[in-house]
Amino acid sequence: MRRVRGHSFAALREGNKQAQMEEAPRVPGETIKAIVKDVMYICPFSGVVRGTLTITDYKLYFKSLTRDSPFVLDVNLGVVSRLESIAVQSHGDNTQGLEIDLRNPRFAYKKEGQSNLEVFEILSKYAFPLSHNLPLFAFKYRETFPEDGWKIYDPISEYKRQGLPNESWIISKMNSSYEVCETYPALLVLPSNVTEDELKRVAAFRAKRRFPVLSWIHPESQAAIVRSGQPQVGPSDRRCREDERYLQTILDANAQSHKLCIFDARQSTVADTNKAKDGGYENESFYINVELNFLEIPNIHVMRESLRKLKEVVYPAIDQQHWFSSVDSTHWLEYIRLLLAGAVRIADRIESGKTSVVVHCSDGWDRTAQLTSLAMLMLDAHYRSLRGFQVLLEKEWLSFGHRFASRVGHGDGNHANSERSPLFVQFIDCVWQMTRQFPSAFEFNELFLVTVLDHLYSCLFGTFLYNSEQEREVYSKTVSLWSYVNSQLEEFTNPLYVNYEHHVLYPVASLRHLELWVSYYVRWNPRMRPQVPVHQSLKELLVLKSELQKRVEELKRDAASSHSFSSSSEHEGMPMQTTV
Amino acid sequence: MEFAELIKTPRVDGVVLHRPFMPTVEGTLCLTGHHIILSSRQDNTEELWLLHTNIDSIEKRFMGSLGTIIVKCKDLRVIQLDIPGMEECLNIASSIEALSTLDSVSLMYPFFYRPLFEVIEDGWQLFMPEEAFRDLESMTDEWRLSEVNKDFSVCPSYPSLLTVPKDIDDDSLCKAASFRHGGRFPVLSYYHKKNGMVMMRAAQPLTGTNGRRCKEDEKLINATLCAGKRGYIIDTRTIAVAQQAKARGGGFEQEANYPQWRRIHKAIERSNVLQESLIKLVEACNDQSHSMDRWLSKLEASNWQSHVKEILTTACLAAQCIDREGASVLVHGTEGTDSTLQVTSLAQIILDPACRTIRGFEALIEREWLQAGHPFQQRCAQSAYSNGKPRSEAPAFLLFLDCVWQILRQFPCSFQFSENFLIMLFEHAYASQFGTFLGNRVAERVKLQLSQKTVSLWSWVNRPQELERFLNPLYEPNNLVIWPSVAPQSLLLWEGIFLRWNRSTRCLDEAYQEMVHIIEYNKELQNKVNSLRRQLAQLETEDSPLQTP
């Protein structure tokens, strides 16, 4: 039973309600590709289960033969990272095993009655459609929602909300055909007096042509968060006058401070190594009034390894004796701390120091996105609302070219690809840590964060597909995750939300105050006890509250109208009825 | 003795107080017989009122003529006082040291404290054994209230009234008492209404190396079994520890002599191990070093969470035997005053919804800790910052509260009280103006005349205006047995106690306030709906004669 519960998060939640039905439930546009009878599922927690396996172009659906309360395994194929055919000795000769490795910390091990290579092929075809020249399922998904999530982010109105353009910053269309920088969005906020020619030289000097652009501006002090790729100074300490002048212009745009602060997310030793490979960092003697800080955050490969270790710790069996030290040995929380601490430094520079900051790492699309978006979340209450958070993701992550397709590996069978890394998961984990420290500051709840992560992998929605805005021609062909979310906002609303409009949140970035996100990473463990759904009851309270409010209004109206009917005065009765 | 003799410098001006997450305060420091007081003489600045008994240890430092005293409290708070003048500082420090380590109970603050509120319901009279027995009588007639320990001679650590099987006479009780450590013969701890099974508690049997037995003891516990049913003896020690105890005259129930009982050994640690664990844990929590890596490993190395887990597991086992197996249970460790009480009281929280209410929880603490003879005075003499030689200090009660907190966290709607209630109990167990936690056993409390000379904690807590702070807004009575998860990923560090002084709670408090607000508002609206509905009904009845002319 508990396992079934776990699935409610795996795919669209409604899917689960139909679990009792005979056939596998399907979402609009989903077609069944194979039904295999007499399959054994070897559950790591409760042993062998016999049943029927259905494979569609979106999911793998296993249902046991037991009549009452059947065991159901419902996994969308997007979370499969590896399929392996293995021989199993202990269950007779004529059997073949199938090993499925999920990106989510869950692991299913399946084995069939008859040798059936075909099943393996069908599975691999739909789990890794791109490796088989097939489209991702998002392009077949036909659900319609009352809200159109693709409209959530409009760069012009978002920048307008920030008070842009102003005298120092303009909204530029220089990149409208993605010529200056192909991984940047079409609309960019740039210093107002930079010529196209200068800009192109700056772009040529920056990694992947990712020149410094504005992400966020403080409404009062005009201190700005600017992001970019690393400068390509190389081993000979190459200079670029235009780049130096460009940063000077950014500094000048903020009258409150005579300094510009650069946060290089990398470890300083790594930044030095990069210099040898034609990358590098700003030399403080060439850039006047610029202060360079390294945040010492390791790279994507370290993070991938850390999460891999974490999966081993939490799945399938947990070492009771060494739980804390094994979590410790993954360093996962330590990296969460580094990120939060870095973002706090950035936010503090902006808020207290009134100083503009430039954030970059190597290419400026991984750690940079993590840091700028976390800092913006701390500084700007708008991003802590449900729709505001969607805008933040659309802006800092999607439009600025975090390479979702490469980092997640949607529909791609090459599980060992070293481009993969859970940077976005790590970011959402940081957000979760913040929601724990500030339980009323965020409009969204934990389910929202889990849902976002589930659909990072699911390939049901077009939102997280592709690597950049230029590549992402999904708007008319797929459904946005936000269409789904915003059509049922009450599911994802935090009942404790209080809009602290002008509060800057500084989370405590100390390991003692960070906690493993057990309800995400360990949710498949049957020993995770089903917690009393407090959020459910709080939600019900909120619904009750609005219903009661409505009824009060109705009754008031009724009372008023019947009052007008009767001429007799009955006012005496009223005030005494206040107590029950 | 006069307190004045110990106070060499009663007053120093220009003292600066540093507290975590609060602005520093400069003011006048005063020492009284029971308090350190700092007053700033400015409006709105909070003053420090610290009980000497709350002080665990102090450290002195000097920088020229400026002295600094670091005061480490039993509630785990650390504050710093900058005192101008070396001599003043030394005097203050030595006075604090002397006043915080007074041995005589009758000099404690509760004997001097006069409440500023009117005592409406005297806490000392609230939870009498007679009353608990009346409740029991309404469910079963198989038990009686024995006065065998009327003058505390049969068992000095038991109360004067004890609930025992009806068929066992006082003579047999005396014989059974002589066979149990400290005279703690098996007595009733809990009666499970649902199936009539019981939980008893005792101290270890004194079998010694040559396997002594005692027919009366056997008869006593067998009297609680239904015909043909087996019971469980839960020994909170490992079999190895229990074996070793034989050499010192203790031991465990031999199968041959107790054929109707199955014995299960668990591994709840003894007092000195727990005390060390607490010290290590608090050290890790307060580690200010920058690297701070290996935090989780340090947390694990303190073993605190595994003690929590072991105690909870044992309590679940006891509850399972009673509720699921339909068997009666006898719980004991060595002395029956620490781990035994942790297990019996937690099992009741799991099984009995009444224990999850405020009154019920207070009654549980009275019954299973205070009257059952947990030596609070000894156990809470020092806390995590003690640097003296450990005597019999142990955080047994704190561990119990931690376990309750874990269950509360897993079942946030099933408890009438909130975390604040547990924190308050922790504070008062270690330092208090109330007499409730003074003394080590009922006999001592009677001798000290606590009920006449001091105020009970319950007299204060149960006043509606105080109670409000401890209520859980999410509470909805849940009549079920609640089974907590003891998997390591389900148990958390109790931040409210251990990280309380190194975090700012503002945002958490705000969220809590919002929750309270939502629930209050809901109630308000419900009342409004009711009153409007009544008004409407009334209007309709008044209108009807008009409509039928």
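Each Cβ is built from the backbone N, Cα and C atoms, and glycine gets one as well.
As written in TrEMBL, here are the features:
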- A:C361: active site, phosphocysteine intermediate (ACT_SITE)
- A:N274, A:K275, A:A276, A:K277, A:N299, A:I300, A:C361, A:S362, A:D363, A:G364, A:W365, A:D366, A:R367: substrate binding site (BINDING)
- A:149-521: domain 'Myotubularin phosphatase' (DOMAIN)
- A:330-377: domain 'Tyrosine specific protein phosphatases' (DOMAIN)
- A:559-580: region 'Disordered' (REGION)
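Recorded features from TrEMBL, shown on the structure.
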residue: A:N274; record: substrate binding site; Cβ contacts under 8 Å, 6 or more apart: A:Q230, A:R266, A:G280, A:Y281, A:S362
residue: A:A276; record: substrate binding site; Cβ contacts under 8 Å, 6 or more apart: A:P235
residue: A:N299; record: substrate binding site; Cβ contacts under 8 Å, 6 or more apart: A:R266, A:V270, A:S362
residue: A:C361; record: active site, phosphocysteine intermediate; Cβ contacts under 8 Å, 6 or more apart: A:Q230, A:D264, A:A265, A:R266, A:I297, A:R367, A:T368
residue: A:D363; record: substrate binding site; Cβ contacts under 8 Å, 6 or more apart: A:A207, A:K208, A:R210, A:G229, A:Q230
residue: A:W365; record: substrate binding site; Cβ contacts under 8 Å, 6 or more apart: A:T183, A:K208, A:R210, A:F400, A:G401, A:H402, A:R403
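Here the domain 'Tyrosine specific protein phosphatases' (A:330-377) has, by DSSP, the following mix of helix, strand and coil residues: 32 helix, 5 strand, 11 coil.
For A:R367 (substrate binding site), other Cβ atoms within 10 Å of its Cβ number 29. Note on the domain 'Tyrosine specific protein phosphatases' (A:330-377): mean pLDDT across this stretch is 96.
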